[in-house]
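Working notes for the structure below.
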Amino acid sequence: MSSDSMRNIRNFSIIAHVDHGKSTLADRIIQLCGGLQAREMEAQVLDSNPIERERGITIKAQSVSLPYLAKDGQTYHLNFIDTPGHVDFSYEVSRSLAACEGALLVVDAAQGVEAQSVANCYTAVEQGLEVVPVINKIDLPTADIERAKAEIEAVIGIDAADAVPVSAKTGLNVQDVLEAIVHRIPPPKPRDTDKLQALIIDSWFDNYLGVVSLVRVMQGEIKAGDKLQVMSTGRNHQVDNVGVFTPKRKVLPALRAGEVGWVTASIKDVHGAPVGDTLTLAADPAPKPLPGFQEMQPRVFAGLFPVDAEDYPDLREALDKLRLNDAALRFEPESSEAMGFGFRCGFLGMLHMEIVQERLEREYNLDLISTAPTVVYEVLKTDGTIINMDNPAKLPPVNHVEEIREPIIRANVLTPEEYIGNIIKLCEEKRGSQIGINYLGSQVQISYELPMAEVVLDFFDKLKSVSRGYASLDYHFVRFDAGPFVRVDVLINGDKVDALSLIVHRSHADRRGRELCDKMKDLIPRQQFDVAIQAAVGSQIIARTTVKAMRKNVLAKCYGGDVSRKKKLLEKQKEGKKRMKQVGRVEIPQEAFLAVLQMDNK
């Protein structure tokens with residue numbers, strides 16, 4: 001395809017931290033370009049998932065194609081790919097950026113630059129994108145445009161002299177943003193081959209259409225009736241329809257080079273069009289696939305079990321469909337003595353885990369129990385083999401373990417100066433070691449290496465509370481480090497409950513064991529017999545507590561009378577309780593499994 005026909009195409013996405021007004025700016029751009037009538041407009045048009053709306057965050061990448069009549073009299077085709085801002089979804093961002101030539105960096109004029117925008121902006125610069133800074137929320141009384149510009153230059157290191165000040169809420173200067181997109185972001189470059197290459201940015205399952213793929217056509221064109229080949233699997237599929245989102249789904253005769261749109265090809269197998277794959281024509285395939293994306297490795301694992309065992313096949317199907325839409329989700333079947341059959345699932349972080357569980361419960365009407373999340377440990381066995389362990393119950397016997405290594409992450413925290421003390425104290429409590437502190441204008445960047453197990457549970461919430469919500473966090477995995485780790489098991493009446501096991505640092509084992517026993521005592525209902533709750537490391541019991549039995553007052557019918565008669569009745573009751581304890585089983589409520597999560601939140 002000639003560079004002439006691509007000259008008026010602009011592919012861009014928006015990079016911003018959570019809550020800096022990215023979705024609102026997208027709404028204004030859609031409105032200005034006439035994508036939707038005023039009566040059809042609603043807040044957060046592209047956040048179509050109800051969970052996205054409620055939490056006010058973007059989870060999935062969405063795309064929209066808009067015609068824009070610029071001041072120079074030419075009509076440009078703007079393809080906008082929405083990106084999430086939360087650290088757990090950074091892989092979604094890199095996928096969206098791979099399909100663009102430019103990005104808008106949106107910074108809140110009142111809050112300044114935050115850590116997640118920095119990380120995503122570096123990704124954009126590495127991929128060679130043109131970054132256009134936009135300073136949003138200038139209608140706020142606390143807005144300080146000059147400070148925001150200075151921070152963009154100091155923290156990110158890109159020139160902010162031509163940053164566009166806007167208010168997405170009132171629509172002020174949004175036209176200037178569109179002009180900046182047209183004049184500063186380059187058009188797509190033609191490739192050296194004319195054979196079809198299209199990158200799959202995203203896929204989702206539609207009950208009527210099968211798999212719908214969002215693609216960026218790099219070279220060639222796709223039209224209905226073409227036979228496409230998925231390059232990684234070698235399978236062929238016939239195209240039913242192609243088109244774009246405006247944001248409504250609109251069918252087009254063909255998608256040409258440089259364009260972003262959707263393709264349906266009646267693919268019923270949910271693994272038929274993997275994200276990051278390349279589509280080409282079966283009759284005339286491209287010599288090699290496009291460079292895809294990095295595979296994201298899940299960092300947090302948890303068991304998901306259906307409350308009703310009959311829902312197991314439905315849970316498998318729901319996870320399959322969700323996996324298509326969420327490339328970072330991993331799962332494999334797992335069985336637990338306490339919970340029955342379910343799946344061990346891998347997530348990118350706690351927010352990712354919460355959202356997957358919420359989507360399964362809402363979109364697929366499943367009732368689920370989740371076990372406490374754990375991170376992946378590396379275990380060096382005495383015979384020299386190394387295994388990756390994502391479930392504490394699978395730790396080999398102590399005499400077979402040479403050492404246990406935990407994952408370490410590098411965390412970058414951006415915070416206003418006055419909260420440095422609180423944040424350093426929090427990081428030290430979490431066994432962190434400081435790498436460095438940089439003063440950047442009024443902001444401070446603190447770098448720490450922290451054990452991932454400490455970060456996964458509640459570090460993000462605590463960071464927000466010690467900094468009154470001003471600090472922001474970005475982290476990435478660095479390496480595995482050996483340490484003195486032990487597995488704490490929970491025994492209830494002498495039976496080990498595998499779903500409650502956890503791996504902890506030896507120095508914390510006694511405290512965690514005591515806390516867990518006390519928590520269990522509050523949550524396990526009283527039975528007709530004593531229930532012993534113990535925490536053990538190997539064969540050594542480190543904590544114990546007892547849920548006392550409920551007793552009937554067997555002396556109620558004795559008015560006065562001989563003491564030996566009373567003793568006889570009490571002894572008889574005692575014998576009965578003893579027999580009951582041998583055969584009785586304790587039902588453990590769901591709250592008890594979640595207790596492991598809330599132990600640090602006291």
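Cβ from N, Cα, C; glycine included.
Marked as GTP binding site by Swiss-Prot: Asp19, His20, Gly21, Lys22, Ser23, Thr24, Asn136, Lys137, Ile138, Asp139. Using a 10 Å Cβ-Cβ cutoff, Ile138 (GTP binding site) registers 20 neighbours.
Summarising the annotation, Swiss-Prot assigns domain 'tr-type G' to 7-189.
Annotation for the binding-site residues Ser23, Asn136: lowest Cβ count within 10 Å of the residue's own Cβ, Ser23. Residues near Gly21 (GTP binding site) in space but far in sequence (CB under 8 A, at least 6 apart, same chain), listed by position: Val106, Asp108, Asn136, Lys137, Ala168, Lys169. Classification of Ser23 (GTP binding site) by DSSP places it within a helix. Averaged over the domain 'tr-type G' (7-189), the predicted model reaches a pLDDT of 73.
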